[in-house]
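Engineer: As listed in TrEMBL for this protein:
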| type | residues | note |
| --- | --- | --- |
| DOMAIN | 471-520 | domain 'Cationic amino acid transporter C-terminal' |
| TRANSMEM | 31-53 | transmembrane segment |
| TRANSMEM | 59-81 | transmembrane segment |
| TRANSMEM | 102-122 | transmembrane segment |
| TRANSMEM | 153-172 | transmembrane segment |
| TRANSMEM | 179-198 | transmembrane segment |
| TRANSMEM | 258-282 | transmembrane segment |
| TRANSMEM | 302-325 | transmembrane segment |
| TRANSMEM | 346-369 | transmembrane segment |
| TRANSMEM | 375-397 | transmembrane segment |
| TRANSMEM | 409-429 | transmembrane segment |
| TRANSMEM | 435-456 | transmembrane segment |
| TRANSMEM | 502-518 | transmembrane segment |
């Protein structure tokens, strides 16, 4: 469970278990387009309306800013790992290298769950917006109601299933062609965003930002609760990090692609959220297909059709990127033998993880067929926040202990105290306790970070030697420490039901690891060690045989 791998083992020995290599065809602009395309369709068209209506009101743009800051800090942590270990495993590989096999598997399983569930949610939103593109007013018009099934599971969505299966076939063919398709769709999508932003500002009114109950009708608490939910919108940059094995120059392209896509997306999210809230008072925003309904309410029915078409295009782009990322996660988990090894196979002619792509496409389509969006969305947020929290911890440990050579106990104690104070601060906030509790725990947390920074200094000369010509996070340990705090804080704003569902999922994946994963990885290493010994014996035998032959000839 605690066995770790070196970057060299991960990049060479483990990667070769897939058979063929993935093909390096992507440039930095491909990564930016993949990150932007992966995030844009999800956030604005799926979460903005419900969050503005129920959590944040017109201040939903502030929720996007807070979530964007947290995502930016997490993206910095991802970027350093991605540059140091340019493999397709993302958070799974980073955690396995730092904290061992089990925590790597736990993080990878959660990010996989988040990918499959979010893709199912986005595919169902595609059906709603496509119906508006064809002039329909009912978002459920193309779904089939089955009366024998429970509520929230009885609206079968066949267009969503068809879209997922079509994209699965596309992704099986080629990564580069899929990237070009995404680039074209993303360019059109950004132009379409510009149209909505301008149209919303021209036809909206600033009065709608303060009516009927002010800019933040649910208070600061509502803004932060909204931030935890819209964080679901920022999962696309993680897809960019999983493309590390297919990038021509990972040391240059990955930092630009990951960080650049987060910054561009945050700006567009804020402008789009402002546009929606200026067109319609927050209490009249539709929970389903929010932007199409907003244009209908201001009398632009023709624009509603265009919005439906543009949103459908953006959702296709985001689905393409997310499904690209989820297959690479499962492929690398298969390389580690934590799931059946056939999921790790890379097709020799296309250079894509064919089996993983088909398997996850089937799982995503099955969930999209039955399950309503609101059941999925909070479970996605808590899984994402948990994984980003773990990656931030891993970066601090790796930089100070593995690279810096400091005693592990000091860093582990710091991470424990930082997480504990972040949790206490979040609990005081959640249960509306005395304000002095916030000051106490907030001040204690800052004191811990300052004390650690001075008492356990990071040797910059050693870091520069280790990370020569590579990008690394500056101002350590502040960026990952703030990421830890924000991820814990945003997790605690979610509902109790989210934690219950997350606990059930955690129990399930832990049981799977205990009953299958740990035995499978152990057997795989035994077989490799045995084959390594046999190879050494053969290498020793051949020269001895040659010598005997030479002696007989003489």
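Including glycine, each Cβ sits where the backbone N, Cα and C put it.
Automated prediction, rather than curation, is the source of TrEMBL annotations.
Owing to the predicted nature of the structure, the values given are computational and were not obtained by experimental measurement.
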Engineer: Could you give the residue numbers and ranges of same-chain residues that sit at least 6 residues beyond the transmembrane segment (102-122) on either side and whose C-beta is under 8 angstroms from one of its C-beta atoms?
Structural biologist: 1-2, 41-42, 46, 89-96, 160, 164, 232, 235, 238, 315, 318-319, 322-323, 325-326, 329-330, 332-333, 336, 338, 360, 363-365, 367-368, 371, 373, 376-377, 379-380, 383-384, 386-387, 390-391, 505-506, 509-510, 512-513, 517-518
Engineer: Summarise the domain 'Cationic amino acid transporter C-terminal' (471-520) as counts of helix, strand and coil residues per DSSP.
Structural biologist: 40 helix, 0 strand, 10 coil
Engineer: Could you tell me what the rest of the chain brings near the transmembrane segment (59-81), counting residues at least six beyond its ends with Cβ under 8 Å?
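Structural biologist: Cβ under 8 Å, 6 or more out: 43, 48, 51-52, 90-91, 93-94, 215-216, 222-224, 226-231, 233-234, 237-238, 241, 254-255, 258-259, 262-263, 265-266, 269-270, 273-274, 276-277, 282, 388, 391-392, 394-395, 398, 471-473, 479-480, 482-483, 486-487, 490.
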Engineer: In terms of Cβ proximity under 8 Å, which residues at least six beyond the ends of the transmembrane segment (502-518) contact it?
Structural biologist: 1, 101-102, 105-106, 109-110, 113, 337-339, 379, 382-383, 386
Engineer: Report, as numbers and ranges, every residue of the chain located at least six residues beyond the transmembrane segment (435-456) whose Cβ falls under 8 Å of a Cβ in that stretch; write 'none' if there are none.
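Structural biologist: Those are 400, 406, 410-411, 414, 417-418, 421-422, 424-425, 428-429, 476-478, 481, 485, in sequence order.
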Engineer: Applying the under-8 angstroms CB criterion, which one of 153-172, 179-198, 258-282, 302-325, 346-369 scores highest with the transmembrane segment (31-53)?
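Structural biologist: So the stretch in question is 258-282.
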Engineer: For the transmembrane segment (153-172), what are the same-chain contacts with Cβ under 8 Å, counting residues 6+ beyond its ends?
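Structural biologist: Counting only partners 6 or more residues beyond its ends, the transmembrane segment (153-172) has Cβ contacts under 8 Å with 119-120, 123-124, 126-127, 130, 140, 142-147, 178, 181, 316, 319-320, 323-324, 327, 347, 350, 352, 354, 357-358, 361-362, 364-365, 368-372.
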Engineer: With pairs restricted to those 6 or more apart in sequence, evaluate whether the transmembrane segment (179-198) and the transmembrane segment (302-325) have 3+ C-beta pairs under 8 Å.
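Structural biologist: Yes, the transmembrane segment (179-198) and the transmembrane segment (302-325) are in contact.
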